[in-house]
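Peer 1: Here it is: the structure, laid out below.
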Amino acid sequence: MKYEKVVNKENIKKQTFMFVFIVAFIMSFKSIFGDQNTLIGVSTITAMLMFINVDLTMSPMENLMKLILLNVITGVGAYISLLNPWIGIPINFIIIFIISYKLYFNLKESLYLPFTLQYAFILSIPVTLKEMPIRLASLLVAPIAIMSFQMLFNRQKIFKKGNRIIENICSKIIEKIDIILDEDNVEKNNSYIDKDIRKYIDEFRAIVYDNRKENFYITEEARIKINILSTLEKISINLNKDYNVEELKGILMGLRQCMKRLNVVLGEDNNIKELEDYIDSVIDNHKDIQASRIHAIQILNSLEILKVALTELRVLGKENYNNIKFTETDYPTQLQSINKKRFIMNSVKLSFAIRSAIGISLAAFVSDYFNLSEGRWIIFTMVSLVVPIYEASIKKAKDRFIATIIGAVIIVILFSIFKSVGIRSMILIGAGYVNSYLKEYKHKTICTTVSAIGSAALLGNTTVLTLRRIIFVAIGVVLAIIINRFILPRKIEDYTRELEGMYLEAVKAMLKKVYLSPTENNMHGMNNLFIITSLIESRLENNKEFLNKRAIKSISQNRLLILNIHELYILFSNDKFKNIDSKYIVEDMKMITSFTDQNIKELLDKIEDHIKKSDNIYNKMMLENIREVYKEIYKINKYVS
């Protein structure tokens, strides 16, 4: 079983507190709104905890209104659908389709599950017209609880988590430099460091993605810290390349000192200025560097961009961190084809919404039409097993059925031995507590089965209820498998192809923005594209067990290309580089969106010659970055073909 530091005292305290909080919340909800609305309390606490990784605080009132509207629609819709099973079919279909389609996301954590589960709970426990006001009241309180939790834990998340993430990455880069400089370390294996750095960076970019205003505009603090993180990531990747350590020793020591200082200066403007001056001194010490020392120029280039970002952060001031520069006029069309996938039949999003709506509508109809006393288990099974990707549904179906049988056997044995209601209640509490430590779906389902059957059979016939649950879960499993297999099935290959298509569109748009950068100032657009590519890469990495070696390798190669494009855009947008009078840069940039594999060698040689002829370090940095972009595009094209 997968545990997360179960023996760690701190984790035990945390999980125990969380368990007590969950139980207290549900019991309070039950005491206020009654037994028939207890499961709404369960879905509410589920949403509160699930959404802790999703920042809804950028537009709190707007999000609160949306959640209230959604809950009112589901509450009223469920009541009407339960009046007649035939009326219920279209109503249930429409509501589940809206929830699944609107709250399923390709690039970030989906939010549909708590609301789909809540709708299933409402369908399974109908209320009379007289009891509807209390139910609606409970559905109105739920969004308030969710947003209160958000404001408590997610407010100023970019500031609080951003600094900590940057500090962690700096420590990892220092660790990597120490390994490189350690002459006794022959293997110099630092792959585990790269994984940690990537995890931190992905976490921050996901936070920024959630924190955009109007799903596009980024705060000044977020923009600057994205630039800092992209620079640190580029430095980390460049440290993995083959180079003469002795030749780079001076720069590596200077880089190490920069990381050490950056680790402690964030939020302290005076110390940031000292770090800026130190970076200037490192660059100035190597201003006469030869064009052949490519790795040295790349690291110096990244340090200059880091300094630019730190200067912006210092000048901005903490009081202006949440400011947004609304400079773009082309937002309506800019990301439409990338960030918001079209309403097409072959999209994973649409196929999942249709399958989910059909599955839950069918389960609700069967349960209601045949008046099945435990028919809710068909609905709950459908909620669990109708998932976006076919391969995942097969594994979950198998795990759920086996886990249900195991959990059923456990509860039958325990309740056969212990007849006391007090002891039985302790067993249920114990199952819920153990469940808080488990990570794998099948193991959590075992505990859920013990709790569910045990709660229903606390004073009744355990064996009969157990057999009923197994039968209805089996029916739900069979129906879910049929729906996932034959109704618009989407496999991991389809999902990957969809993400790769989005990725290619984003890369092309980024290249176009670099080409147009001298005439436009569109940092919001570039940062959105940059974040999107990063999130797509993370999704593809998570699915790498299903991908071929070509796709896995292309992910890592594309990362360096994206970083180079982003870095190049920052350089062009910076005043220091704007004032550089270099015909070479203009000449070499003209080819960035139109060069071919046939002329790449000639083009790279030409840029290298321009680097040699350049008489200042800033020209060399810019030209080296342009060359890196060309090289990465060429490598990817060659590998794919």
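Glycine is no exception: its Cβ is also placed from the backbone N, Cα and C atoms.
Per TrEMBL, the feature transmembrane segment maps to 16-33, 39-56, 86-104, 111-129, 135-153, 350-370, 376-394, 401-418, 470-488. Residues or ranges marked as domain 'Integral membrane bound transporter' by TrEMBL: 362-483.
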Peer 1: When each of 111-129, 135-153, 401-418, 470-488 is checked against the transmembrane segment (16-33) for Cβ pairs under 8 Å, which one has the most?
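Peer 2: Between the stretches 111-129, 135-153, 401-418, 470-488, 135-153 has the largest tally.
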Peer 1: Please give the sequence-distant neighbours of the transmembrane segment (86-104): residues at least 6 beyond its ends with Cβ less than 8 Å from one of its Cβ atoms.
Peer 2: 70, 73-74, 77-78, 80, 110-112, 115-116, 119, 123, 349-350, 352-354, 356-358, 360-361, 364-365, 368, 388
Peer 1: Under 8 Å, at least three CB pairs between the transmembrane segment (111-129) and the transmembrane segment (470-488) (pairs 6 or more apart)?
Peer 2: no
Peer 1: For the domain 'Integral membrane bound transporter' (362-483), what are the DSSP-based totals of helix, strand and coil residues?
Peer 2: 99 helix, 0 strand, 23 coil
